[in-house]
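Structure, as structure tokens:
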Amino acid sequence: MPNASLVIANWKMNGNRELTKTMSAALREKLNQLQQVKLVICPPFTLIGELANQCYYDDIAIGAQNVSEHTGGAFTGEISTAQLQEFGVSYVLVGHSERRQLFAETDKMVNEKALATVNAGMTAVICVGENKAQRDEGNTWEVVAQQAQAALADLPKEQAGKIVLAYEPVWAIGTGETASPEQAQDVHAKLRALLVEQFGAIGEKMPLLYGGSVKADNAAELFAQKDIDGGLIGGASLKESDFVAICQAAQG
């Protein structure tokens, strides 16, 4: 049986106004069959308002792909927590591997963004994961643990309910490769222990998502793992039929 309760779509720099309409309509048709699964869509910033309007009466949460650690000021091109909240955003991706690799986001920045997000009352979806060289060298857990511990630093226990961890093996993002259910579960089990160590019993209930080429045909097997509570979906979240099928796999 699936263990999933949260599925997040990350559209990255894709999509348009038409996709907000067709995707929300496709999900709306199936919402009564997906009552055990929380659905979140993270579109590009320019589509947040449009998607929020499309989903106004639906149980579909709106997420952002990034946020500034600053509250405002002379930070050209950045966006604050307050500006996101004005458009109904309740989830924020923090530390995605593409932000770390392409935009030089450091562990310190990821931590500051996570703190800014939860302090504003939104849920921070903190992304961690190793690249292929690190996995091949046997350093998967060392890398993942270091990223997770750095991102969670100074987060008080009372904020634990506003934290989601997403394990995204970098070598499996957009490559067609996927960690086996057993490989993913191994990392998730260790992340679960890390959360319990830092936050106590509530760590048992904090969502752990898998992100790394999740597709309609492998979602059910991944979601059946004990410590995989859902998915962070990239490419497959851009096609209505594929994303609906993944959400249905989470529901079981």
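Glycine residues also receive a Cβ, built from the backbone N, Cα and C atoms like all the rest.
Annotated active site, electrophile per Swiss-Prot: His96, in sequence order, evidence recorded as sequence analysis. Annotation for His96 (active site, electrophile): spatial neighbours Asn10, Gln65, Asn66, Cys127, Glu168, criterion Cβ-Cβ under 8 Å with sequence separation of six or more.
According to Swiss-Prot, the feature active site, proton acceptor maps to Glu168, an assignment based on sequence analysis. In the three-state DSSP classification, Glu168 (active site, proton acceptor) falls within coil.
Within 10 Å of the Cβ of Ser213 (substrate binding site) there are 21 other Cβ atoms, across all protein chains. Residues or ranges marked as substrate binding site in Swiss-Prot (evidence: sequence analysis): Asn10, Trp11, Lys12, Gly174, Ser213, Gly234, Gly235.
Long-range neighbours of Gly234 (substrate binding site) (same chain, six or more residues apart, CB within less than 8 Å of its CB): Asn10, Lys12, Ile173, Gly174, Gly211, Ser213, Val214.
Within 8 Å of the centroid of the Cβ atoms of Asn10, Trp11, Lys12, Gly174, Ser213, Gly234, Gly235, where the record puts substrate, the same chain has further Cβ atoms from Asn14, Ile173, Ile233, Ala236, Ser237, Leu238.
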